[in-house]
Amino acid sequence: MLSSVQNPRILLLHCRWSKPLHHHHHHHRHYPKAIHAAAQAQAVSTSSPTSQIQIIQKSIHSREKTARQFAEEFINRLRLTEPHVKSFLHVSETVLNEADEIDRKIDRNEDVGPLAGVLVAVKDNICTADMPSTAGSKILENYRPPFDATAVRKLKESGAIIVGKTNLDEFGMGSTTEGSAYQVTANPWNLECVPGGSSGGSAAAVSARQCVVSLGSDTGGSVRQPASFCGVVGLKPTYGRVSRFGLVAYASSLDVIGCFGSSVADAGILLQSVCGHDKLDATSSKREVIDFTSQFVAKDYLESQPLKGLRVGVIRETLGDGVDQEVVLSIRGAISHMEELGCIVTEVSLPSFSLGLPAYYVLASSESSSNLSRYDGIRYGNQIVSDELSSLYGGSRANGLGPEVKRRILMGTYALSAGYYDAYYKRAQQVRTVVQKSFKAALDEHDILISPAAPSAAYKIGEKKNDPLAMYAGDIMTVNVNLAGLPALVLPCGFVQNGLPVGVQMIGAAFDEEKLLRVGHIFEQTLQGCSFIPPLIADEFKF
């Protein structure tokens, strides 16, 4: 047992004294009255997070409520909050028509699929045939792919309604969503703070209840860190669990499509719909997909210690120097809660943990310099007018790509160049192997590993925009999981003193998503005294 974890009530106390956004009344002076009223309400509830997907399914099948009524509620909330949050780059105009069609199918007793009537937002680096797919870059402005990504196709086959495309750091390169070529997304908990990145739009959209669930992508933490900042659940699957076909490539050996939800059940149901082998992606796994929803046991049926005997390893290196003490307090509280649930908690040391960050940036930048060479104004991307081929290439890329993308392309090209390949790229690959082995050894001894999802809660917009190294350092909690190709689940576990949420990261063995979902679901169902609905919409959100 951890010697530093003595008080099993610390998490409850930490949740109860937190008053989300009460320190920020002046931030809301420009809101419409409806939002302002909601912002004044303290979000306190002792009820467990419920699955919005399951509520929608039950309601529309029993005809208690129509798919159109649910769609109208979300669209109205989106219109009210979007001018302030700015989660979306494109909103579909066919949402209500698609909801009407679902209602007609139900009236005819036709099969409508497990996600019928569920509004899903999709990160704008995941291709959609009927909407723009810009990857947050000017070089792909107005680009409409001729096909859907496999994950999007599966969503549509499950009956989901794609509500729109969400904002992101350009090509997924960033940790704040300030790197978008189009707009800066705000954190629904405090509009002066970043939502995280690069999937900040997808996280903010779920947090503000503008949609039910959303898809993001995670190359080095781009689902998990925004989930922590925005107080939602973020699930990064095992590499190969979800097809990457139709995902705009950043670093192909690291990229995965991930899921956001307001509950663990919603994230798991969404993963169930999009995962599985795809012949269009040579890296997608042929491993059979089990029914993740079987892991979700209702709170009333849980034993007094439902996780008795579960071996939990707390990564020592993630709670030391450089981590905000209020974040450490929240994670310690989460650990105490897991001990109450019957877990056997011990500290585990991963000495190679700090090596993951530089290795990740060498590998990701190297792969991006190769992947992004296609955006030259000839094969892909908007083209400038020029008489010379070399200036056409150079001008199109100079005008179309942002500063962070150029920085990473240059770093990657340098790392792959003659004379430096062995010193940087090859050594980074060797470090990757060390990281994989250390995780495997730790997970042979433990069922799951625990760490913070980020070293701090959300920070102010603009605070780190001009300091790339400080921004890169914020990824230290998440990049190792991508290097090892492992699944990880982030779910909210508390607040820092200014009312911003904190997420705990649970890491599992490869293809062990079901265990993470089971543990995460029990954790959130038994977590008392916290509500993770932002005050921005808490009073208005009645479900």
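Including glycine, each Cβ sits where the backbone N, Cα and C put it.
Note: TrEMBL annotation is automatic and uncurated.
Over in TrEMBL, the protein carries these features:
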type	residues	note
DOMAIN	72-517	domain 'Amidase'
ACT_SITE	K123	active site, charge relay system
ACT_SITE	S198	active site, charge relay system
ACT_SITE	S222	active site, acyl-ester intermediate
Let me know how many other Cβ atoms fall within 10 Å of the Cβ of K123 (active site, charge relay system). 32
Long-range Cβ list for the residue listed as 'active site, acyl-ester intermediate', cut-off under 8 Å, min separation 6+ in sequence, same chain only, gives L168, D169, G172, S175, G197, S198, S199, G216, G258
Taking every residue in the domain 'Amidase' (72-517), the average pLDDT works out to 95
